[in-house]
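Asker: One structure coming up, written as structure tokens, with questions to follow.
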Amino acid sequence: MLVCIPDVLSRHEVAEFRHVMDAADWEDGRSTAGAQSAMVKRNEQLPPDGELARALGRRIIQALTANPKFVSAAVPLQIFPPLFNRYAAAGNHHFGIHVDNAVRGDPLTGLRIRTDLSVTLFLSEPDEYDGGELVIEDTYGSHEIKLPAGDCVLYPSTSLHMVTPVTRGARVASFFWLQSMIRDAHARSMIYDLDGAIQALVERLGRDDPETVKLTGIYHNLIRYWAEV
């Protein structure tokens, strides 16, 4: 399941992020890659243990956990501290085809998560750079993702994916992973679809409609059945 979520950050918030990020010191992005990924990764990152990355990351997590669409799609249990990268044309930056590590550990907090879902939050407008598409492969083919600044995409961490070479400008983004309460991707997808159907019925019939209440109960009972907390 691939889900795009608009307006996670406002234009003003994106401008605040970029103001401090553009003035920051960046390092080689291979420092956070696994052995195989490091062979095909060429980009820059904010130091992941730096106060700037941590502070901006906390703001992103706060925005996402208040976003109903994100919570519905992810059913998050643990969210890894967001990281930040930059792909610049001047550095011939790109990230070849790879799959994310199954488990991620944060050395500062000791947090370890199973990576069920990957998230990319775009912090550059599409017209600021050429190339730099996030290409995600699944059973239905390849999907090229290039979203407005402030929007994010949520996709299974099991997916092969890549970032195409940036040929003009710079692509700035945040990226991270999460562990869902619902391990099984098919179950999680059904929960997301069911929640969407319930919300549509609420709009038409109201929260007190008996059938809406019954479906809401089924939703919570399925969460109870599948959740690992």
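Cβ from N, Cα, C; glycine included.
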Asker: Same Fe cation site as HIS98, ASP100 according to Swiss-Prot: which of HIS143, HIS161?
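Answerer: As annotated by Swiss-Prot, HIS98, ASP100 share the Fe cation site with HIS161, chosen from HIS143, HIS161.
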Asker: Take the C-alpha atoms of HIS98 (Fe cation binding site) and ARG171 (2-oxoglutarate binding site) and report the distance between them in angstrom, rounded.
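Answerer: Cα of HIS98 (Fe cation binding site) to Cα of ARG171 (2-oxoglutarate binding site) measures 19 Å after rounding.
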Asker: Pick the one among the binding-site residues HIS98, HIS161, ARG171 whose Cβ has the fewest other Cβ atoms within 10 Å in this structure.
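Answerer: Lowest Cβ count within 10 Å among the binding-site residues (HIS98, HIS161, ARG171) is HIS98.
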Asker: Work out how many Å separate ARG171 (2-oxoglutarate binding site) and HIS161 (Fe cation binding site) at their Cα atoms, rounded off.
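Answerer: About 16 Å separates the two Cα atoms.
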